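S.K.: Just dropping this structure here.
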């Protein structure tokens, strides 16, 4: 008798869930996307049936925490492999090395892809936050750990396998880096995910419906773009000096002060985006100090700075002084548009949550991805060059759109058509991306 009663209760529970899944107006209700069972949240995702077609509504429930989004892991794994290829072979072929200044190459899409993936993952991780104070404390600790890890790996504490030098000069330690930039983007977007108010019950599942629900994220991204553009083109950059590196050929005998050779870069401009006089470097020098910037910037491979351009080589006789100046491609001001890339990834994750049909997701993602790429080229033609070193807005939209298109392709292969065997190695790499990155950095291979 007790077994019959339990069976009846279970059937009634299933019937209630099916009725809650679709409202009377046919609009997906986000509350039905999540079911809780002792603190475990489940996300309803449509899966393919055995014949390759979409199943009926109500027949697909997939645990969000118990089962990772496979396509996201595969995309992350492919990005790690791309990073390794760039680090190993970028110096041998300029096509897979970072562009010296303006323009984009294969290598310039790697970091934006990481930031995009972080955004997608964030939207899923912080979708349900019952205790905002507790989640915020954990977020702060995560950001501090990630930033500290980047400082440890890229600040000069560790030596490579071919370098026997030990110790660190605190007066010249590099403060910013790739992991530090990811930590800044992660913390900023996560705060919006946790604290921004939204009414998910009003989600329509349309393209603009998703934007309406997460309008604060879009407002935040727009404000960051305006702040970056205002500072880049509005800050006055005066003349400045830096200590000539030991390998410099530009030692001016009149610049010697206390046995230190100083080189001067003549600027006195506003809105310049050249290597020596841009506001990005000026703000980094002002806040962090010129001695804490990256000492081997990519623009040393420019024709003005290298006789072997686009490869690294000795400077020509008439090379400008800024060729030997330090510059951090992961600096403070250029991290603002990097956060926008993370916001773009978060929107793709929001669509994953609010839109239940594979093909509607792909349609909305494709519209955004193509629109971002087109807008990036419009800015390029308008005079805003693609520039990874400055993380220009045209570069932001181009790489964000390309990352979104790549995610669509991988999502269709892995999560729609279930061709997972051929991507299993990338899925494993993606699931252990941070560990692999740490090992490569510690060995001096990245």
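The backbone N, Cα and C atoms fix where each Cβ goes, glycine too.
What TrEMBL shows for this protein is this:
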DOMAIN    68-192  domain 'Heparan-alpha-glucosaminide N-acetyltransferase catalytic'
TRANSMEM  74-94  transmembrane segment
TRANSMEM  106-127  transmembrane segment
TRANSMEM  139-158  transmembrane segment
TRANSMEM  178-195  transmembrane segment
TRANSMEM  216-236  transmembrane segment
TRANSMEM  336-355  transmembrane segment
TRANSMEM  367-386  transmembrane segment
TRANSMEM  392-413  transmembrane segment
TRANSMEM  425-445  transmembrane segment
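Where in this structure would I find these features, and how exposed are they?
M.R.: Counting only same-chain residues 6+ beyond the ends of the transmembrane segment (106-127), those with a CB under 8 A from a CB of the stretch are 34, 41, 43, 64, 69, 72, 75-76, 79, 82-83, 86, 90, 95-99, 135, 178, 181-182, 185-186, 189-190, 193-194, 338, 341-350, 352-353, 386, 388, 395-396, 399-400, 402-404, 406-407.
Beyond its flanks by at least six residues, the transmembrane segment (216-236) meets 188-189, 192-193, 196-198, 269-271, 273, 278-280, 282-283, 333, 336-337, 339-340, 343-344, 346-347, 350, 390, 393, 396 of its own chain at Cβ-Cβ distances under 8 Å.
If one looks beyond the transmembrane segment (336-355) by at least 6 residues along the same chain, the residues whose Cβ comes under 8 Å of a Cβ in the stretch are 28, 30, 33, 43, 45, 69, 111-112, 115-124, 127, 181, 184-186, 188-189, 192-193, 200, 203, 205, 209-211, 213-214, 217-218, 220-221, 224-225, 227-228, 361, 364-365, 368, 372, 391-393, 395-396, 399-400, 403-404, 407.
Beyond its flanks by at least six residues, the transmembrane segment (367-386) meets 99, 102-104, 108, 207, 273, 344, 347-348, 392-402, 404-405, 408 of its own chain at Cβ-Cβ distances under 8 Å.
Within its own chain, the transmembrane segment (392-413) has Cβ neighbours under 8 Å at 71-72, 74-75, 78, 104, 108-109, 112-113, 116-117, 120, 225, 228-229, 273, 337-338, 340-341, 344-345, 348, 361-362, 365-366, 368-377, 379-380, 384-386, 419, 423, counting only residues six or more beyond its boundaries.
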S.K.: Check the domain 'Heparan-alpha-glucosaminide N-acetyltransferase catalytic' (68-192) for me and report the mean pLDDT.
M.R.: 84
S.K.: Go through the chain and flag residues at least 6 beyond the ends of the transmembrane segment (74-94) whose CB is under 8 A from any CB in it; none is fine as an answer.
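M.R.: Tertiary neighbours of the transmembrane segment (74-94) are 105-107, 109-110, 113-114, 117, 301, 310-312, 406-407, 410, 413-414, 423, 425-431, 433, 436-437, 440, 445-446.
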S.K.: Under the DSSP assignment, what numbers of helix, strand and coil residues are found in the domain 'Heparan-alpha-glucosaminide N-acetyltransferase catalytic' (68-192)?
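M.R.: Going by DSSP assignments, the domain 'Heparan-alpha-glucosaminide N-acetyltransferase catalytic' (68-192) contains 81 helix, 2 strand, 42 coil.
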